[in-house]
Amino acid sequence: MYSVLKQSIRPRLLATHNQFRTMITAQAVLYTQHGEPKDVLFTQSFEIDDDNLAPNEVIVKTLGSPVNPSDINQIQGVYPSKPAKTTGFGTTEPAAPCGNEGLFEVIKVGSNVSSLEAGDWVIPSHVNFGTWRTHALGNDDDFIKLPNPAQSKANGKPNGLTINQGATISVNPLTAYLMLTHYVKLTPGKDWFIQNGGTSAVGKYASQIGKLLNFNSISVIRDRPNLDEVVASLKELGATQVITEDQNNSREFGPTIKEWIKQSGGEAKLALNCVGGKSSTGIARKLNNNGLMLTYGGMSFQPVTIPTSLYIFKNFTSAGFWVTELLKNNKELKTSTLNQIIAWYEEGKLTDAKSIETLYDGTKPLHELYQDGVANSKDGKQLITY
């Protein structure tokens, strides 16, 4: 369990030998008890002393932080990884900060900090950071540096990161990339992966990354009135083939998929499951011998059910994938993966999943903006910007 960043709670005005100086007044969204976000969140003001930084300390201001399903689950108390509660924000009762993903700008560094400087963009280096806030105080190793747009331009890159790309870089793109590269060796130009949830954020990243790595892919999506339009958009992103859930579950359609795979001279080696239920059974059946299915979500709330014959006669393997667990003790892997995603963004080769952005301008309590984000999350990913 990671502890939250330190907070410097002191009077707003401090007397020095010859003058008064002001403090940074910050705000954070907290909760003292688990429950529904609409019931338990509140905004807490706290102060950061920017004139008395320890040598390794860094002050950052928030540029943007999204509302993720895992954030909601943490507040509800049903997520395995939870932030520690603390009185460091100035609360009477111990309280936990909300949010795991976010993009920050460095505004001041301590005397021993050489890896960061004012103006740098950073993201948290570990989970349970507490990103639903206006500012944070931490040590330099609490952050991973990303290139800001000016730095990308100075390095000759055609594109700089957007706030949305930076604020949402550490979960969905990394999940897609690591599932495709960390477990199974897919032969470029030949081998296939199949995924359900093809229109989800991770699904779209997987289609794009698969194309960039020259992997063939099949994306499974639900039937819908504008099916042809959605299929065309997913193929434009990078999906080799797109099928419906009915086709995924149809034994009659199976030979068509086998023919696709046969024509490439490869095998279907990997399945990515975020749905469960019949959908997961269907994509598991498409794999060749020794195939692996990674489950990283369960949107249908139905159990993953695999026929016994797949285990016995095809040596099928089913495993879970949790990007938090994989990366929590492996900063090097996280950094190298981030660098690849950043390079694709800078080169214009990867399109980010768009968010619905809401600007925090101080006219509404901060926690209410995130409560609105939770309530509206079914309409798309919500991003609070500053």
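These residue numbers are counts, starting from 1, taken along the chain as shown.
Quick reminder: no glycine exception, Cβ is built from N, Cα and C everywhere.
What Swiss-Prot says about this one:
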| type | residues | note |
| --- | --- | --- |
| ACT_SITE | Y79 | active site, proton donor |
| BINDING | N172, 199-202, 222-224, 296-299, 321-323, K381 | NADP(+) binding site |
| TRANSIT | 1-22 | transit peptide |
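Projection of Swiss-Prot feature records onto the structure.
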{"residue": "Y79", "record": "active site, proton donor", "Cβ contacts under 8 Å, 6 or more apart": "S70, N73"}
{"residue": "N172", "record": "NADP(+) binding site", "Cβ contacts under 8 Å, 6 or more apart": "A201, V202, Y205, A353"}
{"residue": "S200", "record": "NADP(+) binding site", "Cβ contacts under 8 Å, 6 or more apart": "C274, M299"}
{"residue": "D223", "record": "NADP(+) binding site", "Cβ contacts under 8 Å, 6 or more apart": "T244, E245, D246"}
{"residue": "Y296", "record": "NADP(+) binding site", "Cβ contacts under 8 Å, 6 or more apart": "T175, M179, V202, L272, N273, C274, G320, F321, W322, V323"}
{"residue": "G298", "record": "NADP(+) binding site", "Cβ contacts under 8 Å, 6 or more apart": "C274, V275, G276, V304"}
Taking the Cβ of F321 (NADP(+) binding site) as centre, how many other Cβ atoms lie within 10 Å?
19
Under a three-state reading of DSSP, tell me whether Y296 (NADP(+) binding site) is helix, strand or coil.
coil
